[in-house]
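Peer 1: Pasting the feature list from TrEMBL:
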DOMAIN    343-587  domain 'COPA/B second beta-propeller'
DOMAIN    630-770  domain 'COPA/B TPR'
DOMAIN    818-1219  domain 'Coatomer alpha subunit C-terminal'
REPEAT    47-88  repeat 'WD'
REPEAT    89-130  repeat 'WD'
REPEAT    131-164  repeat 'WD'
REPEAT    203-244  repeat 'WD'
REPEAT    247-288  repeat 'WD'
Amino acid sequence: MLTKFETKSNRVKGLSFHSKRPWILASLHSGVIQLWDYRMGTLIDRFDEHDGPVRGVHFHKSQPLFVSGGDDYKIKVWNYKLHRCLFTLLGHLDYIRTVQFHHEYPWIVSASDDQTIRIWNWQSRTCIAVLTGHNHYVMCALFHPKEDLVVSASLDQTVRVWDIGALKKKTVAPADDILRLGQLSQMNTDFFGGVDAVVKYVLEGHDRGVNWASFHPTLPLIVSGADDRQVKLWRMNDTKAWEVDTMRGHMNNVSCVLFHSRQDIIVSNSEDKSIRVWDATKRTGLQTFRREHDRFWILACHPEMNLMAAGHDSGMIVFKLERERPAFSVSGDSMYYVKDRFLRFYEFSTQKDTQVIPIRRPGSTSLNQGARTLSYSPTENAILICSDLDGGSYELYIIPKDSFGRGESVQEAKKGIGGSAVFVARNRFAVLDKSSNQVLVKNLKNEIVKKVAIPIIVDSIFYAGTGNLLCRAEDRVIIFDLQQRMILAELQISFVRYVVWSNDMESVALLSKHSIIIANKKLMNQCTLHETIRVKSGAWDDNGVFIYTTLTHIKYCLPNGDNGIIRTVDVPVYITKVSANTMYCLDRDGKNRAIVIDATEYVFKLSLLKKRYDHVMSMIRSSELCGQAMIAYLQQKGFPEVALHFVRDERTRFNLALESGNIQIAVASAKEIDEKDHWYRLGVEALRQGNAGIVEYAYQRTKNFERLSFLYLITGNMDKLSKMLKIAEVKDDVMGEFHNALYLGDIKERVKILENAGHLPLAYITASVHGLHDIAERLAAELGDDIPSLPKGRSPTLLIPPSPVLCGGDWPLLRVMRGVFEGGLDNVGRNAQEEDEEAADADWGEDLDVVDLENMPNGDISMALEEEAHEENDEGGWDLEDLELPPEMDTPKTAGNAHSSVFVAPTPGMPVSQIWIQKSSLAAEHAAAGNFDTAMRLLSRQLGIRNFTPLKQLFLDLQVGSHSYLPTFSSVPVILVAVERGWTESASPNVRSPPALVFKFYQLEEKLKAGYKATTSGKFMEALRLFLSILHTIPLIVVDSRREVDDVKELIIIVKEYVLGLQMELKRRELKDNPVRQQELAAYFTHCNLQPPHMRLALLNAMTVCYKNGNLMTAANFARRLLESNPTNENQAKTARQVLQAAERNTNDKVQLNYDFRNPFVVCGATYVPIYRGQKDVSCPYCSSRFVPSQEGQLCTVCDLAVVGSDASGLLCSPSQMR
């Protein structure tokens, strides 16, 4: 059983498939009717007007109706489009068991526990016949699919067949016959009872109540199932009906039994929790499907497809009994496939289909024994057919050359057992032996040539090139080389059903139930697609695009993972080959079909992806590519200028023009739309491009005077600014006047405006501060005693706007090469010349309302109008002469379709800091680029560093040190310039070098010398600070050669020893009251790897401490080591010899120390105890200091950076390490 869909719900008592749509109705014991889409697996609707269980439900064949009958004695007819019940048919007096629409007439048949069957006309909404005769509950009643018969089953142990021919005659009789027939039928009714439906046969044979009976779709057969656990087959003719056979096997009541609509089988289900499949001709059991806890109640068969459904105690299942995918193998221009127990040959170019040889099949004892896969060897003309027979087997056929066209010769196939079999070479095929997880390589004589064990458990094998197999495991696929017996590639993927290789074997598509993974031949995942509807098949086209089918669509997938729909399909098809615009496929009946597909969309997207812009150009010119999806795609992929040429809608054109920076098209679209918001957005974009003329035009169209004034200020257009002042005056806009006067630096005007507005104190202050004494005196006289006092001791500064750097005109635009889409695509579908002329002749002030008469005081109107007329006569007002348009507008056209030779600046390139980190794994270079996050991640991975506090300042120094900062104008931000390592004037500007770094190796060597000096002079704190500084800087050092890398690593070891030794010495000095611990720390210090002068000082120190505390034997050991080091200082040697002499007289130690100089050890960097050879320890991944195991996971106390015991890949400080 191949389960296609499953639901969990209350007990399902009724089921009905829709004849066309992928829908199924399920009526539940709870009174709810569910409408499911079994293809998508979704619940579409639920209907719950019945009170109590609904036992019967049925879809109408052509109308949007279904009927239901329940335990509330009601039959309801529903319209699923309107989502409601249309009407209720009342008449039955007990539970209704089944309901069914007639395939042709407006009738419904219903069976009820009131022992009657009723036939209803759903158009007139009346009962037209009552069939009485059963003397117990009628469990089911069904119309015959073609004849005028009804079959019913009852708990009275009989099956009855009713003839409803008279009812049909009554329905189709002409009007004048109805009266005559009416009188006759009335007479008959009086004498014999109704004759509309009469019993034709009563089938007796069951020992218990019969639960179900149904007709065969075409043959005169009836099948019934009863509480006696038997399934009986009956045959009938015109006069009688008789029992043919009984099928036994169910262990409990048989609840439903049907003939399969497309196969010669009977399917029954039962309360014994099983579904059984029977051979209808041999009447033998073929297969049994069991559920653990759920009894089965109902079966339904799809009227047109190979689908069945079964309802049980906790839901329902939609299933197929047999796989319908035809087995085929494509080779070049031809294909071999299996159909109806024949091997057939199909040629794509001629579409010629030939029967080749018959394939012998044993008598079927169960289902799904057909060919599952087919593998073909073209050179040997050999075919391997695999099936599920005997748990998986194969048959090998050698096709004779002369058998084409006849297909009669029967040859004995070479057989074998194996999970799957495929050709791996010209005359070798591989068979998977699942029991031993081996691949058996065989020759064409079916003899084993080689056995190869596969390292992982696999359940299927596929071809993967000569000598290679693609093996499927539970959670992955591998490519296995049979010759070298090794895995070549591996990919994690859930259960793969089919594998499709491209023609050049460079790419492979791995098809699962709901996903497709495209990978290369090394199984590197290139893209993954997820589909909600099941994926059925796929093939590669000539362009390297993968074409695939789902249950409902033909779709495509580009190499980058973009996918789309090519067309829909009515029935599922299996793609065999895609050639140009034709897709060849097999349908479920094994028929070859050639479907013409439109490849324009995916070829266009592929050309964009592969940057074949010449193809894109030609496709745009020649084809009708359009639609919102294509525009959105081009926008998403960064080609708004291409999308612009598909669009006719002005709003979309405007948005795309702004996005692509095409200001001319944006202006044209804005004129068409003419909305304030669009002019504003145009102004913002034009300002960004520095196109002052268009900014001015946009502000004029929206009458945005404040922005216009500010624009004139920053472009230095004082003439127009003074005009703006006059306009503000005319419009009585005091604030606008004052702003314009402020922008112009016109003090007298400002005083006048303040005076007119009644702000006399402000006017007086402005006049007196700026030295306009006569005006100030006049205002003082007006103010009288209220003269404001000016602050003492303050020197006023003149408030005049600075002169702009660049006066008037547009910003210079960078001239760039025409892109492939420019020129060739400019103004597709528009007249470019007209548009340019329109722009040139435009009256750039035509819509500007200079005078707003409504808002002016009456007295000023005539004056303002006179002023305006005077201005216009003098200077042309807002006419074109005053507008400095880009010079390119006036240049002669060089080509009919060329729009303008000035282009928008190209998109900025990648910042240098980003180039630095692109291929670098050096933390220092990431820090220099300012990418601290990745620098920290690299250090964490390479050296196990977790504490970045000591490195914070170093990171900042690196970033600041690798950039230079150039000041420009006072109002312009500082320009950041990347400083590169090893830059020369002769270097190519296109080649970027790595960043210049402030930390150099030689600086560390100098620090090391300073540390040595401080140690010698006993400045231990200073020395420790210097050595730690070296340890903290080394992770951010970059050197050139491998030899220098070794020097850096050696420096870490040297410095680490000093840091540990100095930390112990400083700790010793703190412990004044613990002489034992003092001696131990002094002793351990002598085991650090120090320079000879420092080692001698450490030995002298330890010797002195031990001698003073009476540990003469230990002191003698230090004295001996001191003399062995050949001290240059005679005093040191003399002291050592004296200690030795004293120790010879007294060879005892006063106290026992945790120190054994004979046993080699290292000192723990945290606890300062010896770790003797052979004892467990953990180390710091950066400085390699050793620690006792309890310190694992703690911060290293020596370097203060890394976590003890963490995993790290090692120091990376040179580009030479990455090569």
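Using N, Cα and C of the backbone, Cβ positions are placed for all residues, glycine too.
Remember, TrEMBL labels are computer predictions, not curated facts.
Predicted, not measured: the structure shown is a model, and the values here were computed from it.
Could you give the neighbours, burial and distances for every feature on this list?
Peer 2: For the domain 'COPA/B second beta-propeller' (343-587), the model's pLDDT averages out at 86.
Tertiary proximity for the repeat 'WD' (47-88) is limited to same-chain residues at least six positions away from its ends with a CB under 8 Å from its CB atoms, namely 13-19, 23, 25-33, 35, 94-101, 103, 108, 110-112, 120, 122, 125, 303.
DSSP states for the repeat 'WD' (203-244), grouped as helix (H, G, I), strand (E, B) and coil, give 0 helix, 25 strand, 17 coil.
Sequence-remote contacts of a segment are chain residues at least 6 beyond its ends whose Cβ falls under 8 Å from one of its Cβ atoms, and for the repeat 'WD' (247-288) they are 1, 208, 211-217, 221, 223-227, 229-233, 294-304, 306, 308, 310, 312, 321-322, 364-367.
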Peer 1: Using a Cβ-Cβ cut-off of under 8 Å, list the residues of the same chain that are 6+ residues beyond the ends of the repeat 'WD' (131-164) and lie near it.
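Peer 2: For the repeat 'WD' (131-164), the far contacts come to 94-95, 97-98, 100, 102-103, 107, 109-113, 115-119, 196-204, 206-215, 217-218, 222, 224, 226-227, 234, 236, 241.
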Peer 1: Give me the DSSP three-state residue breakdown of the repeat 'WD' (247-288), ordered helix, strand, coil.
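Peer 2: When I sort the residues of the repeat 'WD' (247-288) into the three classes, I find 0 helix, 24 strand, 18 coil.
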